[in-house]
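**Q** Pasting the relevant annotations from TrEMBL:
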- 26-268: domain 'G-protein coupled receptors family 1 profile' (DOMAIN)
- 13-35: transmembrane segment (TRANSMEM)
- 47-67: transmembrane segment (TRANSMEM)
- 87-105: transmembrane segment (TRANSMEM)
- 126-150: transmembrane segment (TRANSMEM)
- 170-192: transmembrane segment (TRANSMEM)
- 222-242: transmembrane segment (TRANSMEM)
Amino acid sequence: MSQFLATVLQVNIYVQPVYLSLAIIFNSLNIRILSSRTLRSSPCTHYFIANAIFNIVYASLLCPISFARGFSIDWTLNPIGCKIQKYFVYLLPILAKAMLVLASFDRYCSSSQLHRLSSQSTVRTARIIIIITTISGTIYEIPMFLMYYFTESTRTCFQDANAFNNIYVFSQVTLYYIAAPLSMIVFGILTISNTKKQMTRIGPEVISGHGRRTESQLTRMLLLQVTVHLVLTVPFGIIYSMNAFDSSTITTYIQAIRYAMLMWQECD
């Protein structure tokens, strides 16, 4: 074990309890605020609540694992734990990011002047989409159980290198680190454009009601979350792609960087 990796694992002992507490407190606070009668009437709010729930579950799973590793305790270093840990560590961020993409699309639909798009922005539709997306993501990540295996000699969890796994990893990288961020950026730009066009057409004084202020607050909240999410996840995506397609890049130094980046992602 490199000195850098050992240092990161030791830092986890002090940092992970703080991260876990902050993740639970702030995401719970978000859920409490978003559950108010005013905000709950917006479909976008339900995507934010789902995102917060996935973030809490992710932190509640990852923080104890990282904390225990600081004491050389790792329940994932066995054939079953290896697969379960990999499955949930990649499933939960994908579901959380999917909620942000859906929230971005909802903001675009609600700001559109096309009735066909604006009519799609309803609470009932949002709830159905959240359920379908969660089920689809859960099924999509099932190959993670088959990709990773535990080697007793080195006591490490490795990805099996074959054509199917490479194709699947490529789809993960494409969806999670390319398509999803681009979708959020595009829908964000379109939402801002639609809002400016509407203000130009009917004037800001006409759309300054309470409902419009709520919509504006949700849009600003979405833009902030998307920006933070991109900053925290893109660097990890680059390293994950390197490790997935070239196993020789999986060094103790890179492992230390990945652990450190996972800590930053918990702040999302």
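Here the Cβ of each residue, glycine as well, is placed from N, Cα and C on the backbone.
Distances, neighbours, how buried they are, the whole picture for these features please.
**A** Counting residues 6+ beyond its ends, the transmembrane segment (13-35) has Cβ neighbours under 8 Å at 45, 48-49, 52-53, 55-56, 58-60, 63-64, 66-67, 70-71, 263, 266-267 in the same chain.
With a threshold of 8 Å between CB atoms, the same-chain residues lying at least 6 positions outside the transmembrane segment (47-67) that come near it are 12-13, 16-17, 19-20, 23-24, 27-28, 30-31, 34-35, 74-76, 85, 88-89, 92-93, 95-96, 99-100, 102-103, 106, 126, 130, 134, 218, 221-222, 225, 259, 262-263, 266, 268.
Long-range contacts of the transmembrane segment (126-150) within the same chain, counting only residues at least 6 positions beyond its ends with a Cβ under 8 Å from a Cβ of the stretch, are 43-44, 46-47, 50, 77-79, 81-83, 86-87, 90-91, 94-95, 98-99, 102, 106, 156-160, 164-165, 168-169.
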**Q** Could you please provide the mean pLDDT value for the domain 'G-protein coupled receptors family 1 profile' (26-268)?
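**A** Across the residues of the domain 'G-protein coupled receptors family 1 profile' (26-268) the model's pLDDT averages 78 on the 0 to 100 scale.
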